[in-house]
Amino acid sequence: MRAPASSAASNRPGPSNHPTPRWNSKQFFLTYPHCNLTPSELMKELFSRLTEKIPGYIKVSQEFHKDGDPHLHVLIQLNTKLCTRNPKFFDVQGFHPNIQPVRDAEKVFGYISKTNGDSDEMGELQLRIKKPEKPTRDQRMAMIIASSTNRNEYLSMVRKEFPFDWAIRLQQFEYSAAALFTEPPPVYQSPFPNEQIVCPPELVDIIDQEWNQVTTD
(Lines of atoms letter the chains of each structure in order from A and count residues from 1; the text may use other names and numbers.)
(Lines give C-alpha, C1' and ligand atoms only; values in the text may rest on other atoms or scores of the structure.)
Protein backbone atom coordinates (compact mmCIF):
# COMPACT_ATOMS: atom_id res chain seq x y z
CA MET A 1 0.00 0.00 0.00
CA ARG A 2 1.30 3.45 -0.95
CA ALA A 3 1.73 5.99 1.84
CA PRO A 4 -0.49 9.09 1.57
CA ALA A 5 1.22 12.18 0.21
CA SER A 6 2.30 14.64 2.88
CA SER A 7 0.51 17.96 3.25
CA ALA A 8 3.76 19.78 2.45
CA ALA A 9 4.02 18.02 -0.88
CA SER A 10 0.37 18.71 -1.72
CA ASN A 11 0.89 22.44 -1.08
CA ARG A 12 3.80 22.79 -3.47
CA PRO A 13 3.07 25.11 -6.37
CA GLY A 14 2.50 23.36 -9.63
CA PRO A 15 3.76 24.40 -13.03
CA SER A 16 0.58 26.44 -13.64
CA ASN A 17 1.30 28.79 -10.73
CA HIS A 18 2.57 32.23 -11.76
CA PRO A 19 5.43 33.55 -9.61
CA THR A 20 4.94 36.88 -7.91
CA PRO A 21 6.88 39.60 -9.76
CA ARG A 22 9.90 40.92 -7.89
CA TRP A 23 9.48 44.48 -9.16
CA ASN A 24 6.12 45.97 -10.01
CA SER A 25 6.14 49.75 -10.09
CA LYS A 26 6.16 52.86 -12.27
CA GLN A 27 8.83 54.63 -10.22
CA PHE A 28 12.26 53.44 -9.14
CA PHE A 29 15.15 54.78 -7.09
CA LEU A 30 18.45 53.18 -8.11
CA THR A 31 21.87 53.56 -6.51
CA TYR A 32 24.95 52.29 -8.36
CA PRO A 33 27.86 52.08 -5.87
CA HIS A 34 31.46 52.26 -7.06
CA CYS A 35 30.27 53.23 -10.53
CA ASN A 36 32.61 55.23 -12.77
CA LEU A 37 30.11 55.79 -15.58
CA THR A 38 29.06 59.36 -16.27
CA PRO A 39 25.45 60.36 -15.58
CA SER A 40 24.86 60.78 -19.33
CA GLU A 41 26.22 57.32 -20.15
CA LEU A 42 24.05 55.64 -17.55
CA MET A 43 20.95 57.60 -18.54
CA LYS A 44 21.29 56.58 -22.21
CA GLU A 45 21.70 52.92 -21.26
CA LEU A 46 18.62 52.98 -19.03
CA PHE A 47 16.53 54.88 -21.55
CA SER A 48 17.23 52.36 -24.32
CA ARG A 49 16.35 49.50 -21.96
CA LEU A 50 13.08 51.10 -20.83
CA THR A 51 11.88 52.44 -24.19
CA GLU A 52 8.88 50.11 -24.41
CA LYS A 53 7.75 51.24 -20.94
CA ILE A 54 7.72 54.85 -22.20
CA PRO A 55 9.99 56.62 -19.72
CA GLY A 56 8.44 59.89 -18.57
CA TYR A 57 11.42 61.12 -16.57
CA ILE A 58 14.95 59.99 -15.73
CA LYS A 59 17.44 61.87 -13.57
CA VAL A 60 20.96 60.62 -12.83
CA SER A 61 23.14 62.33 -10.21
CA GLN A 62 26.74 61.62 -9.34
CA GLU A 63 27.94 61.62 -5.74
CA PHE A 64 31.53 61.44 -4.55
CA HIS A 65 32.24 60.09 -1.08
CA LYS A 66 35.07 61.45 1.06
CA ASP A 67 37.46 58.85 -0.33
CA GLY A 68 36.61 59.94 -3.89
CA ASP A 69 34.56 56.82 -4.62
CA PRO A 70 31.77 57.70 -7.12
CA HIS A 71 28.15 56.62 -6.73
CA LEU A 72 25.30 57.24 -9.15
CA HIS A 73 21.72 57.86 -7.98
CA VAL A 74 18.82 57.50 -10.40
CA LEU A 75 15.15 58.46 -10.27
CA ILE A 76 13.02 56.77 -12.95
CA GLN A 77 9.37 57.51 -13.71
CA LEU A 78 7.59 55.29 -16.26
CA ASN A 79 4.21 55.74 -17.93
CA THR A 80 3.48 52.00 -17.61
CA LYS A 81 4.41 49.61 -14.80
CA LEU A 82 7.58 47.61 -15.01
CA CYS A 83 6.93 44.06 -13.82
CA THR A 84 9.98 41.79 -13.68
CA ARG A 85 11.66 39.12 -11.53
CA ASN A 86 15.00 39.60 -13.22
CA PRO A 87 17.39 40.87 -10.49
CA LYS A 88 19.83 42.02 -13.18
CA PHE A 89 17.32 44.04 -15.19
CA PHE A 90 18.95 47.36 -14.26
CA ASP A 91 22.55 46.10 -14.48
CA VAL A 92 24.63 48.29 -16.79
CA GLN A 93 28.11 47.30 -17.97
CA GLY A 94 28.58 45.04 -14.98
CA PHE A 95 27.38 47.60 -12.42
CA HIS A 96 24.52 46.33 -10.26
CA PRO A 97 22.31 48.86 -8.41
CA ASN A 98 20.35 48.86 -5.21
CA ILE A 99 16.70 48.97 -6.36
CA GLN A 100 13.81 50.54 -4.46
CA PRO A 101 10.27 51.30 -5.66
CA VAL A 102 9.42 54.97 -5.09
CA ARG A 103 6.40 56.20 -3.14
CA ASP A 104 7.32 59.86 -2.85
CA ALA A 105 9.11 61.07 -5.99
CA GLU A 106 9.46 64.58 -4.57
CA LYS A 107 11.60 63.35 -1.66
CA VAL A 108 13.80 61.22 -3.90
CA PHE A 109 14.23 64.09 -6.36
CA GLY A 110 15.22 66.42 -3.53
CA TYR A 111 17.72 63.89 -2.19
CA ILE A 112 19.54 63.19 -5.47
CA SER A 113 19.54 66.89 -6.38
CA LYS A 114 21.84 67.63 -3.41
CA THR A 115 24.71 65.47 -4.65
CA ASN A 116 28.18 66.92 -5.21
CA GLY A 117 28.82 65.66 -8.74
CA ASP A 118 27.46 66.05 -12.25
CA SER A 119 23.88 65.21 -13.18
CA ASP A 120 21.78 64.67 -16.28
CA GLU A 121 18.06 64.33 -16.83
CA MET A 122 15.44 63.88 -19.52
CA GLY A 123 11.67 64.29 -19.60
CA GLU A 124 9.45 66.13 -17.16
CA LEU A 125 9.25 65.31 -13.47
CA GLN A 126 5.75 64.26 -12.41
CA LEU A 127 4.83 65.08 -8.83
CA ARG A 128 1.72 63.87 -7.10
CA ILE A 129 -0.74 66.64 -6.36
CA LYS A 130 -1.47 66.57 -2.65
CA LYS A 131 -5.10 67.00 -1.77
CA PRO A 132 -5.78 69.57 0.93
CA GLU A 133 -6.68 68.05 4.26
CA LYS A 134 -10.35 68.20 5.14
CA PRO A 135 -11.12 70.10 8.35
CA THR A 136 -12.15 68.01 11.34
CA ARG A 137 -15.61 68.23 12.92
CA ASP A 138 -14.21 70.41 15.70
CA GLN A 139 -12.59 72.74 13.17
CA ARG A 140 -15.82 73.02 11.16
CA MET A 141 -17.78 73.81 14.32
CA ALA A 142 -15.20 76.40 15.36
CA MET A 143 -15.52 78.10 11.96
CA ILE A 144 -19.31 78.27 12.37
CA ILE A 145 -18.99 79.86 15.81
CA ALA A 146 -16.39 82.35 14.58
CA SER A 147 -18.28 83.42 11.45
CA SER A 148 -21.91 83.52 12.62
CA THR A 149 -23.21 86.83 14.00
CA ASN A 150 -26.55 85.87 15.56
CA ARG A 151 -28.63 82.91 16.69
CA ASN A 152 -30.50 82.39 13.44
CA GLU A 153 -27.33 82.49 11.35
CA TYR A 154 -25.58 80.10 13.73
CA LEU A 155 -28.44 77.59 13.70
CA SER A 156 -28.76 77.82 9.92
CA MET A 157 -25.06 77.07 9.42
CA VAL A 158 -25.16 74.16 11.87
CA ARG A 159 -28.17 72.70 10.07
CA LYS A 160 -26.39 72.91 6.71
CA GLU A 161 -23.05 71.53 7.94
CA PHE A 162 -24.34 68.83 10.31
CA PRO A 163 -27.83 67.77 9.12
CA PHE A 164 -27.88 64.47 11.03
CA ASP A 165 -26.72 66.05 14.29
CA TRP A 166 -29.26 68.82 13.74
CA ALA A 167 -32.07 66.25 13.56
CA ILE A 168 -31.18 64.49 16.81
CA ARG A 169 -29.61 67.30 18.88
CA LEU A 170 -31.66 70.35 17.96
CA GLN A 171 -32.37 71.26 21.59
CA GLN A 172 -28.65 71.27 22.42
CA PHE A 173 -27.86 73.49 19.44
CA GLU A 174 -30.61 75.91 20.44
CA TYR A 175 -29.18 76.01 23.96
CA SER A 176 -25.67 76.72 22.66
CA ALA A 177 -27.07 79.41 20.34
CA ALA A 178 -28.73 81.13 23.30
CA ALA A 179 -25.48 80.94 25.31
CA LEU A 180 -23.32 82.23 22.46
CA PHE A 181 -25.60 85.04 21.35
CA THR A 182 -27.33 86.56 24.38
CA GLU A 183 -30.02 89.04 23.38
CA PRO A 184 -30.20 92.43 25.20
CA PRO A 185 -33.28 92.97 27.42
CA PRO A 186 -36.17 94.68 25.60
CA VAL A 187 -36.53 98.46 25.99
CA TYR A 188 -39.38 99.32 28.36
CA GLN A 189 -42.45 100.69 26.63
CA SER A 190 -45.00 102.46 28.86
CA PRO A 191 -48.58 101.36 28.23
CA PHE A 192 -49.69 105.01 28.69
CA PRO A 193 -48.99 107.75 26.13
CA ASN A 194 -46.98 110.72 27.40
CA GLU A 195 -49.87 113.12 26.84
CA GLN A 196 -51.97 111.15 29.32
CA ILE A 197 -49.47 111.64 32.10
CA VAL A 198 -50.69 114.91 33.72
CA CYS A 199 -49.89 116.06 37.23
CA PRO A 200 -53.10 117.11 39.09
CA PRO A 201 -53.23 120.78 40.20
CA GLU A 202 -53.53 119.80 43.87
CA LEU A 203 -50.28 117.95 43.65
CA VAL A 204 -48.57 120.85 41.94
CA ASP A 205 -49.55 123.12 44.86
CA ILE A 206 -48.23 120.68 47.43
CA ILE A 207 -44.95 120.28 45.60
CA ASP A 208 -44.53 124.02 45.29
CA GLN A 209 -45.20 124.49 48.99
CA GLU A 210 -42.70 121.79 49.98
CA TRP A 211 -39.93 122.94 47.67
CA ASN A 212 -40.39 126.64 48.32
CA GLN A 213 -40.70 126.37 52.10
CA VAL A 214 -37.83 128.08 53.94
CA THR A 215 -36.78 126.71 57.32
CA THR A 216 -34.51 128.27 59.92
CA ASP A 217 -32.46 126.30 62.33
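Every residue, even glycine, has its Cβ placed from backbone N, Cα and C.
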Please identify the range among 111-114, 139-142, 195-198, 211-214 that Swiss-Prot labels motif 'RCR-3'.
111-114
Check each of the ranges 163-175, 176-188 against Swiss-Prot and return the one annotated as region 'Oligomerization'.
176-188
Suppose we draw a 10 Å sphere around the Cβ of Glu63 (divalent metal cation binding site). How many other Cβ atoms does it contain, all chains included?
17
Sparsest-packed of the listed binding-site residues (His71, His73) - C-beta count within 10 angstroms:
His71
Taken over the motif 'RCR-1' (29-32), the model's mean pLDDT:
96
Centre the Cβ atoms of Glu63, His71, His73, go out 8 Å, and tell me which other residues of that chain have a Cβ in range of the divalent metal cation site.
Thr31, Tyr32, Ser61, Gln62, Pro70, Leu72, Ile112, Thr115, Gly117
